[in-house]
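Encoded as structure tokens, the structure appears first; notes follow it.
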Ligand code: GLA
């Protein structure tokens, strides 16, 4: 379901204009007012139309992607992203206290830091603990809850939104001032490209990601358990009872974590397995690579046999958190009022590994003052004629 806008500011000149009757599907971006936060900040929403049909709505609060419409096998657009259609639904206490981070930019540190503590150059830093004993997704006031500055852009065959935010020196307990830019681009071929950039004034851990939940069935499809998932990872990082990695790279082979060929998400989600038991399903970091790289690699593919939609995830990041929506319990309702129950959506969060600041063997997440943090993830949507879903 698309959110309807009243006052609309057209920022794009349609590329193929001139034909009054024809539906306008050329790339465009429209800005409008979405609401005001409880602390009085005005929030804008941007409606983006990609060159090949995909549409996205994102707002300045949390950089949250509100909706993402992509075609099914018949060409019908449906919203495959979980979320709400009002700002208040995201800012109210009942949402923030059980925060599922629908569609949000995550930082400064995506995923968990053990007991919210780490050391840099001999100095120990203490962060808020907001997930049992641990720090999760940037703490109590992470990037999902700040109002970002936003500049839309329009290029020959793509449109997008550049979001910027300055996290003040010491914010939330992190060292240094962090200047962050996150860019959403709708590129040809129904691709959502997400670019992250950051610089700091002091050496500090940074791990930025995006927390959209998807259900490729669109609309109010209730479950993702029939989606076929392939993850390009031979190992994952098993966790302790608080979801902190125990430091091991464990092979996925012969375990419910083996998604090296397309497998229904629900096939082994109830398996007798300690790791599945701890998380109540999948909520684990898969090891795409053990070292940093600048090049995009295929991380995961998800296919919904019902709609025919295939989503691919490519990233420069070494890790991928696969979260099967275990904590959704029906207390939040969709844009059309249907409850989001357990496994209503999945998240594939490209990232560095959880708790890296305390794990010497994991790729480093430290950003130094003379460096620029750069990371790219591409979510691609297509409807292949056939898909080999077997091993
Ligand atoms: C991440 C975490 C999960 C959960 C969700 C939000 O994916 O790994 O444990 O906190 O965010 O509910």
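Please read every residue number as a count from 1 along the shown chain.
Yeah, the Cβs are placed from backbone N, Cα and C, and that goes for glycine too.
These numbers come from a predicted model, not from an experiment.
Checking the ranges 310-350, 351-391 against TrEMBL, the region 'Disordered' annotation falls on 351-391. TrEMBL names 111, 112, 211, 212, 213 for binding beta-D-galactose. Of 283, 292, 294, 304, the residue it gives for the same site is 283.
Least packed by the Cβ count within 10 Å, out of the recorded positions 283, 349, is 283.
With DSSP states grouped into helix (H, G, I), strand (E, B) and coil, the region 'Disordered' (351-391) comes out at 3 helix, 13 strand, 25 coil. The binding-site residues near ligand 1, defined by a Cβ under 6 Å from one of its atoms, do not include any of 112, 212, 213. Cβ neighbour count for residue 112 (beta-D-galactose binding site): 25 (other Cβ atoms within 10 Å of its Cβ, all protein chains included).
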